[in-house]
C-alpha cells in the first residue's frame, strides 16, 4: 500500500506540473496581440488611404463614425474651426492583423522578449521538475521514518502492561487515510507526527509506571531483552550439552557393540572347540570344502566377522568341476545395504570378474582344466589398485576399482555362492562346483615373493584377518568338509 501511495503522489505531482506549464504557456500565445505599440491611436490605424483591403474597410468604418460630428462649411478657413471632440472609435478595440512581411523594429524587440519569456518558462518548468523529485525523495524518507517509528512503537508497547495497551484500532495512522487522496503528503506528515507523539508518550509512561510499582520494573524493554538473551544462552548451552551427551552415547554404544561382537566371536570359537573337542584335522588347516553339484543351497559360511578394511589380499586353492560352462562364485562377501561388497565371479562364457562395491574389473585367470590352482587377489582403496595372481605368477593388474571406498565391516562371507541379499537369496546359475581349500585373508597387499612362496609350498602363511581353520568354517546344504593336504594334492595332480 505504501508503494501504491508513492506512485499516486508522483502521478499527481506530474499532473500539477503539466497544468502549471499549460497555464504558463498562455501569455506566449497571446503575445502577438501585444506586438502592437501601446501608444498607437486611431489616427495611425486609419492614416493611409491606399492600404490593404482590411485597412480600407476600417477607414470606411472610421468615416462613417465621423460623419455624426459637425462639418466645416465650404469657404470657411480650416483654422477658424474648433476641432470636434474626440469620439471613441471601435477600431481601437479590434484585433487588426498585421501583414506577415512587414518588418519593423517593434517586432524584433517583441521577438527578444518572447525568447526571454520562453527561457523564463523553461527555467520555471525545470524548477517544478526538481521540486517534484524533491517531493518524491521526501515521500521515500517519510515512508522509511514511518516504518522505523512503527517498529519502535511496537517494541515500546510490548514493554507496557496489558492495561496500557490500546485494545481498539489505532487512529491517526496511515490506515485511516485514503491512499489516492491529493493531500497524501500532509497525511504522511501527520502520521509521522502522530507516531512520534505516541512513542514519546509511551516512553514517558514506562518509567512512571515502573516508579509507581514497589517491585523491580520488569516491563522495561532492556530488562525484557536481557532476560530473553539470558534464557536463549541457557537453552543453547543445554542443547550443546545434549548434543555432546548424545555423541558420547553413540560413540560408547559403537565401542560397546564392537566389544560384544568380539566376545560373541570368542564364545562361538570356544563353543566350537567344546563341541568338536580338538580339531578333526591335523594341522587345523588340512581340510577342504566340496560342493559336488550346481545348486542354490550348498555352501560354506565363515563364522568370523570381518573388520573395516582399506586393503586386503585373498588367497585360496580351487579346483573347478564345472567344465566349460563358467566357474561360478568361489566366494562372496556382503554387508548391510550392499550385497556385492566383494565378489569373485565367473558367469557363463564371461571372463572371471572381481566386484568391489558393485564396481567391476575383469581378471585374466583361467580355472577350466579341472586342476588345482592357487589364486590370489590383492586390492587397496588408494587409487583402487588391484593385482591378480595364478599359481604364483602375476597375471594382471589395474586401478580405479572402487577407489577410496573402504570395505565395510560386520558382513557375511560365503564360499561357493553369490549373495543377492545379506547371507542368502542364492542363484544356482552362479554357484561354484568343485573344491575349495586354504582360503586366507590379510588386511594388506602381499608381495609377489610371498604369493609365490605360498603357491609352491615353500613359505606358507596364515591370514591375519581370517585364517583357514576348521573351527571357523561351517558347511551347509550338503556341502562337505574333508581332510586334505593342499601341497600333496597339488603334487599328485
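A Cβ is built for glycine as well, from the same backbone N, Cα and C atoms used for every other residue.
Features as listed in Swiss-Prot:
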- 340, 418, 419, 420: Ca(2+) 1 binding site (BINDING)
- 418, 420, 430: Ca(2+) 2 binding site (BINDING)
- 57-72: compositional bias 'Low complexity' (COMPBIAS)
- 285-487: domain 'Pentraxin (PTX)' (DOMAIN)
- 42: N-linked glycosylation site (CARBOHYD)
- 211: N-linked glycosylation site (CARBOHYD)
- 456: N-linked glycosylation site (CARBOHYD)
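All features noted in Swiss-Prot, drawn onto the structure.
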| residue | record | DSSP (3 states) |
| --- | --- | --- |
| 340 | Ca(2+) 1 binding site | strand |
| 418 | Ca(2+) 1 binding site | coil |
| 430 | Ca(2+) 2 binding site | helix |
| 456 | N-linked glycosylation site | coil |
Could you tally the C-beta atoms, other than its own, that fall within 10 angstroms of the C-beta of residue 419 (Ca(2+) 1 binding site)? 24
Using a 10 Å cut-off on Cβ-Cβ distances across all protein chains shown, tell me which of the binding-site residues (418, 420) has the largest neighbour count. 418
Let me know how many other Cβ atoms fall within 10 Å of the Cβ of residue 340 (Ca(2+) 1 binding site). 19
Pull out the recorded positions from the set 340, 418, 420, 456 whose C-alpha sits within 10 Å of the C-alpha of residue 430 (Ca(2+) 2 binding site). 418
Densest Cβ neighbourhood among 430, 456 (recorded positions), 10 Å radius: 430
